[in-house]
Amino acid sequence: MFTKLIIAASLAASVAAHATFQELWINGVDQGSSCVRLPQSNSPVTSVSTPDLACNASPHPSDGICQVMPGDEVTVEMHQQPNDRSCATEAIGGDHYGPVLVYMAKVDDATTAVGSSAQWFKVAEIGLPSSNPDYWGTEVLNDNCGHYTFKVPSDIAPGNYLIRAEVIALHVASSIGGAQFYMSCYQVNVGGSGSANPPTVSIPGAYSATDPGILINIYEPLSTYTIPGPTPYATTSPAVANTPYPTTATWNTALQPSTVPTAVPTPGTPGIGKA
(Lines of atoms letter the chains of each structure in order from A and count residues from 1; the text may use other names and numbers.)
(Lines give C-alpha, C1' and ligand atoms only; values in the text may rest on other atoms or scores of the structure.)
Protein backbone atom coordinates (compact mmCIF):
# COMPACT_ATOMS: atom_id res chain seq x y z
CA MET A 1 0.00 0.00 0.00
CA PHE A 2 2.78 2.43 0.91
CA THR A 3 4.46 1.85 -2.46
CA LYS A 4 1.16 2.45 -4.27
CA LEU A 5 0.69 5.72 -2.41
CA ILE A 6 4.18 6.85 -3.41
CA ILE A 7 3.53 5.99 -7.05
CA ALA A 8 0.18 7.81 -6.98
CA ALA A 9 1.82 10.88 -5.54
CA SER A 10 4.52 10.74 -8.20
CA LEU A 11 1.88 10.60 -10.93
CA ALA A 12 0.20 13.70 -9.55
CA ALA A 13 3.46 15.60 -9.31
CA SER A 14 4.66 14.56 -12.74
CA VAL A 15 2.16 16.68 -14.64
CA ALA A 16 3.98 19.90 -13.75
CA ALA A 17 7.50 18.49 -13.75
CA HIS A 18 8.21 17.48 -17.33
CA ALA A 19 11.29 18.95 -18.99
CA THR A 20 13.32 19.33 -22.16
CA PHE A 21 16.97 19.70 -23.10
CA GLN A 22 17.12 23.20 -24.58
CA GLU A 23 20.61 24.69 -24.64
CA LEU A 24 24.23 23.75 -25.36
CA TRP A 25 27.60 24.95 -24.10
CA ILE A 26 30.98 24.30 -25.74
CA ASN A 27 34.08 24.71 -23.57
CA GLY A 28 32.07 26.87 -21.19
CA VAL A 29 30.70 29.15 -23.93
CA ASP A 30 26.91 29.37 -24.05
CA GLN A 31 25.49 28.51 -27.48
CA GLY A 32 21.91 28.93 -26.30
CA SER A 33 19.40 27.07 -28.46
CA SER A 34 21.19 27.90 -31.70
CA CYS A 35 21.73 24.30 -32.79
CA VAL A 36 19.07 22.28 -30.97
CA ARG A 37 15.94 20.71 -32.39
CA LEU A 38 13.60 21.99 -29.70
CA PRO A 39 10.76 19.60 -28.82
CA GLN A 40 7.20 20.74 -29.44
CA SER A 41 6.38 20.23 -25.76
CA ASN A 42 7.94 19.04 -22.53
CA SER A 43 5.88 15.84 -22.51
CA PRO A 44 7.74 12.51 -22.52
CA VAL A 45 7.96 9.73 -25.05
CA THR A 46 6.75 6.48 -23.45
CA SER A 47 7.27 3.86 -26.17
CA VAL A 48 10.68 2.32 -26.85
CA SER A 49 9.63 1.38 -30.40
CA THR A 50 8.44 4.71 -31.78
CA PRO A 51 10.69 6.75 -34.12
CA ASP A 52 10.04 9.65 -31.72
CA LEU A 53 12.49 8.01 -29.31
CA ALA A 54 15.40 9.27 -31.41
CA CYS A 55 14.93 13.06 -31.38
CA ASN A 56 11.47 13.53 -29.81
CA ALA A 57 8.07 13.99 -31.44
CA SER A 58 8.26 16.32 -34.47
CA PRO A 59 10.79 18.72 -32.94
CA HIS A 60 11.14 22.22 -34.35
CA PRO A 61 13.73 22.19 -37.15
CA SER A 62 16.94 24.15 -36.77
CA ASP A 63 19.35 25.37 -39.42
CA GLY A 64 22.11 25.96 -36.88
CA ILE A 65 25.19 23.77 -36.52
CA CYS A 66 27.53 24.26 -33.56
CA GLN A 67 31.25 23.74 -34.15
CA VAL A 68 33.15 21.38 -31.84
CA MET A 69 36.53 19.68 -31.81
CA PRO A 70 37.50 16.24 -30.50
CA GLY A 71 38.17 16.58 -26.80
CA ASP A 72 35.95 19.64 -26.34
CA GLU A 73 33.82 19.85 -23.21
CA VAL A 74 30.16 19.94 -24.19
CA THR A 75 27.38 20.73 -21.74
CA VAL A 76 23.73 19.92 -22.38
CA GLU A 77 21.17 21.94 -20.42
CA MET A 78 17.67 20.87 -19.32
CA HIS A 79 14.79 22.87 -17.85
CA GLN A 80 11.12 22.32 -17.19
CA GLN A 81 9.78 25.22 -19.26
CA PRO A 82 10.96 26.89 -22.49
CA ASN A 83 13.08 30.02 -22.04
CA ASP A 84 13.30 29.53 -18.27
CA ARG A 85 16.92 28.94 -17.28
CA SER A 86 16.43 29.81 -13.64
CA CYS A 87 18.45 27.75 -11.20
CA ALA A 88 15.75 28.33 -8.58
CA THR A 89 13.58 25.69 -10.27
CA GLU A 90 14.63 22.05 -10.57
CA ALA A 91 15.70 21.09 -14.07
CA ILE A 92 13.33 18.13 -13.88
CA GLY A 93 11.15 17.81 -10.81
CA GLY A 94 8.25 15.78 -9.50
CA ASP A 95 10.50 12.94 -8.30
CA HIS A 96 11.46 12.18 -11.90
CA TYR A 97 14.42 10.07 -10.84
CA GLY A 98 16.52 8.23 -13.39
CA PRO A 99 19.64 8.17 -15.55
CA VAL A 100 21.11 10.78 -17.88
CA LEU A 101 22.55 9.50 -21.17
CA VAL A 102 24.29 11.14 -24.13
CA TYR A 103 24.66 9.62 -27.60
CA MET A 104 26.22 10.81 -30.85
CA ALA A 105 25.53 9.80 -34.46
CA LYS A 106 27.56 10.67 -37.55
CA VAL A 107 25.33 12.00 -40.32
CA ASP A 108 25.71 13.56 -43.76
CA ASP A 109 23.83 16.76 -42.88
CA ALA A 110 22.94 17.47 -39.26
CA THR A 111 20.14 19.87 -40.24
CA THR A 112 18.21 17.28 -42.25
CA ALA A 113 19.27 13.92 -40.80
CA VAL A 114 16.46 11.70 -39.53
CA GLY A 115 17.34 10.61 -36.01
CA SER A 116 15.51 7.29 -36.24
CA SER A 117 17.58 6.39 -39.32
CA ALA A 118 20.92 7.31 -37.75
CA GLN A 119 23.39 4.97 -36.07
CA TRP A 120 24.17 6.00 -32.49
CA PHE A 121 27.03 5.45 -30.06
CA LYS A 122 26.85 6.37 -26.40
CA VAL A 123 29.46 8.81 -25.10
CA ALA A 124 28.38 9.44 -21.50
CA GLU A 125 25.98 8.23 -18.84
CA ILE A 126 25.20 8.50 -15.16
CA GLY A 127 22.63 6.29 -13.47
CA LEU A 128 22.57 5.60 -9.73
CA PRO A 129 26.04 6.52 -8.50
CA SER A 130 24.90 6.19 -4.90
CA SER A 131 22.28 3.85 -3.48
CA ASN A 132 22.77 4.82 0.16
CA PRO A 133 21.13 7.26 0.00
CA ASP A 134 19.69 6.97 -3.49
CA TYR A 135 21.19 9.64 -5.73
CA TRP A 136 20.23 9.58 -9.40
CA GLY A 137 21.60 11.11 -12.57
CA THR A 138 18.63 13.47 -12.69
CA GLU A 139 19.70 14.82 -9.32
CA VAL A 140 23.05 15.67 -10.89
CA LEU A 141 21.10 17.84 -13.33
CA ASN A 142 19.10 19.45 -10.55
CA ASP A 143 22.21 20.15 -8.47
CA ASN A 144 23.93 21.75 -11.48
CA CYS A 145 21.21 24.07 -12.82
CA GLY A 146 20.21 21.55 -15.50
CA HIS A 147 23.76 21.06 -16.80
CA TYR A 148 25.51 17.81 -17.63
CA THR A 149 29.01 17.97 -19.11
CA PHE A 150 30.86 15.37 -21.17
CA LYS A 151 33.75 15.39 -23.61
CA VAL A 152 33.62 14.70 -27.32
CA PRO A 153 35.66 11.53 -27.93
CA SER A 154 39.17 12.47 -29.00
CA ASP A 155 39.46 10.12 -31.97
CA ILE A 156 36.17 10.25 -33.86
CA ALA A 157 36.11 11.13 -37.54
CA PRO A 158 35.31 14.71 -38.57
CA GLY A 159 31.94 15.67 -39.99
CA ASN A 160 28.37 16.41 -39.03
CA TYR A 161 26.91 14.69 -35.98
CA LEU A 162 23.75 14.67 -33.94
CA ILE A 163 24.15 14.75 -30.16
CA ARG A 164 21.23 13.12 -28.37
CA ALA A 165 20.77 14.03 -24.69
CA GLU A 166 18.29 11.89 -22.76
CA VAL A 167 16.73 11.46 -19.35
CA ILE A 168 14.79 8.31 -18.49
CA ALA A 169 12.40 9.08 -15.64
CA LEU A 170 11.56 5.99 -13.59
CA HIS A 171 9.11 7.28 -11.00
CA VAL A 172 6.24 5.22 -12.49
CA ALA A 173 8.31 2.58 -14.30
CA SER A 174 7.09 -0.45 -12.35
CA SER A 175 4.81 -1.43 -15.24
CA ILE A 176 5.52 -1.69 -18.96
CA GLY A 177 5.15 1.69 -20.62
CA GLY A 178 5.64 3.58 -17.38
CA ALA A 179 9.18 4.83 -18.01
CA GLN A 180 9.30 8.34 -19.44
CA PHE A 181 11.92 9.35 -22.01
CA TYR A 182 12.93 12.99 -22.41
CA MET A 183 15.37 13.76 -25.22
CA SER A 184 16.56 16.46 -27.59
CA CYS A 185 18.99 16.34 -30.50
CA TYR A 186 21.70 18.93 -31.07
CA GLN A 187 23.34 19.55 -34.46
CA VAL A 188 27.13 19.84 -34.46
CA ASN A 189 30.10 19.64 -36.78
CA VAL A 190 33.19 17.89 -35.41
CA GLY A 191 36.55 19.05 -36.72
CA GLY A 192 39.95 17.43 -36.45
CA SER A 193 41.47 14.49 -38.26
CA GLY A 194 40.26 11.47 -36.30
CA SER A 195 39.26 8.26 -37.98
CA ALA A 196 37.42 6.20 -35.36
CA ASN A 197 33.94 4.93 -36.09
CA PRO A 198 32.60 3.52 -32.80
CA PRO A 199 30.18 0.57 -32.66
CA THR A 200 26.62 1.80 -33.03
CA VAL A 201 23.01 0.97 -32.23
CA SER A 202 19.69 2.04 -33.71
CA ILE A 203 17.21 4.22 -31.85
CA PRO A 204 14.59 2.88 -31.62
CA GLY A 205 16.08 -0.57 -31.25
CA ALA A 206 18.62 -0.04 -28.48
CA TYR A 207 16.06 -0.49 -25.70
CA SER A 208 13.46 -3.10 -24.77
CA ALA A 209 10.40 -2.29 -22.68
CA THR A 210 11.48 -5.04 -20.28
CA ASP A 211 15.11 -3.99 -19.87
CA PRO A 212 15.96 -4.03 -16.15
CA GLY A 213 16.82 -0.33 -16.29
CA ILE A 214 13.46 0.53 -17.86
CA LEU A 215 10.98 -1.82 -16.16
CA ILE A 216 11.85 -1.19 -12.52
CA ASN A 217 10.33 -0.20 -9.19
CA ILE A 218 12.72 2.41 -7.82
CA TYR A 219 10.83 2.52 -4.52
CA GLU A 220 12.15 -0.91 -3.62
CA PRO A 221 15.67 -1.03 -2.11
CA LEU A 222 18.29 -0.87 -4.88
CA SER A 223 21.95 -1.72 -4.51
CA THR A 224 22.75 -1.32 -8.22
CA TYR A 225 21.11 -0.01 -11.36
CA THR A 226 21.68 -1.18 -14.94
CA ILE A 227 21.71 1.78 -17.32
CA PRO A 228 19.88 0.95 -20.56
CA GLY A 229 21.65 0.84 -23.90
CA PRO A 230 25.22 0.09 -24.93
CA THR A 231 28.39 0.72 -22.97
CA PRO A 232 29.74 4.25 -23.55
CA TYR A 233 32.49 4.49 -26.13
CA ALA A 234 35.96 4.69 -24.51
CA THR A 235 35.13 4.18 -20.84
CA THR A 236 36.90 3.54 -17.58
CA SER A 237 35.77 2.98 -14.01
CA PRO A 238 37.61 5.40 -11.74
CA ALA A 239 36.97 5.99 -8.08
CA VAL A 240 35.04 9.21 -7.59
CA ALA A 241 34.86 11.70 -4.73
CA ASN A 242 34.17 9.88 -1.47
CA THR A 243 31.85 12.48 0.05
CA PRO A 244 28.95 12.72 0.27
CA TYR A 245 28.20 9.82 -2.09
CA PRO A 246 30.93 7.14 -1.97
CA THR A 247 30.79 4.95 -5.06
CA THR A 248 32.42 4.10 -8.36
CA ALA A 249 30.90 4.89 -11.73
CA THR A 250 31.46 4.24 -15.41
CA TRP A 251 32.36 7.41 -17.25
CA ASN A 252 33.52 8.73 -20.56
CA THR A 253 37.30 8.69 -20.15
CA ALA A 254 37.65 12.31 -21.14
CA LEU A 255 36.01 13.96 -18.15
CA GLN A 256 36.38 13.05 -14.49
CA PRO A 257 35.08 15.51 -11.88
CA SER A 258 37.63 15.98 -9.12
CA THR A 259 35.11 17.09 -6.52
CA VAL A 260 31.44 16.69 -5.79
CA PRO A 261 29.73 20.09 -6.06
CA THR A 262 28.04 21.17 -2.84
CA ALA A 263 26.08 24.15 -4.15
CA VAL A 264 23.86 24.88 -7.12
CA PRO A 265 25.84 26.83 -9.74
CA THR A 266 24.66 30.31 -10.63
CA PRO A 267 23.10 30.90 -14.05
CA GLY A 268 25.67 31.31 -16.78
CA THR A 269 28.10 28.72 -15.45
CA PRO A 270 27.78 25.16 -16.80
CA GLY A 271 28.03 22.55 -14.06
CA ILE A 272 29.97 19.31 -14.30
CA GLY A 273 27.95 16.26 -13.34
CA LYS A 274 28.64 14.52 -10.07
CA ALA A 275 29.45 10.84 -10.04
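Positions of Cβ are set from backbone N, Cα and C atoms, glycine also.
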With H18, H96 listed by Swiss-Prot as Cu(2+)-binding, which of these, Y148, Y161, Y182, is given for the same site? Y182
Which stretch does Swiss-Prot mark as motif '9res motif', out of 44-51, 140-147, 188-195, 268-275? 268-275
Correct range for region 'X282 extension' (source Swiss-Prot, candidates 56-85, 236-265): 236-265
Tell me which residue from S41, S86, S130 Swiss-Prot records as phosphoserine. S130
Between T20, T210, which does Swiss-Prot record as phosphothreonine? T20
Test of understanding: give the count of other CB atoms lying within 10 angstroms of the CB of Q180 (O2 binding site). 21
Out of the modified residues T20, T50, S58, S130, give me the one sitting nearest to Y182 (Cu(2+) binding site) by CA distance. T20
Going by C-alpha distance, which of the binding-site residues H18, H96, H171 is nearest to C185 (disulfide bond)? H18
Measuring Cα to Cα, tell me the gap between H96 (Cu(2+) binding site) and H171 (O2 binding site) in whole angstrom. 6
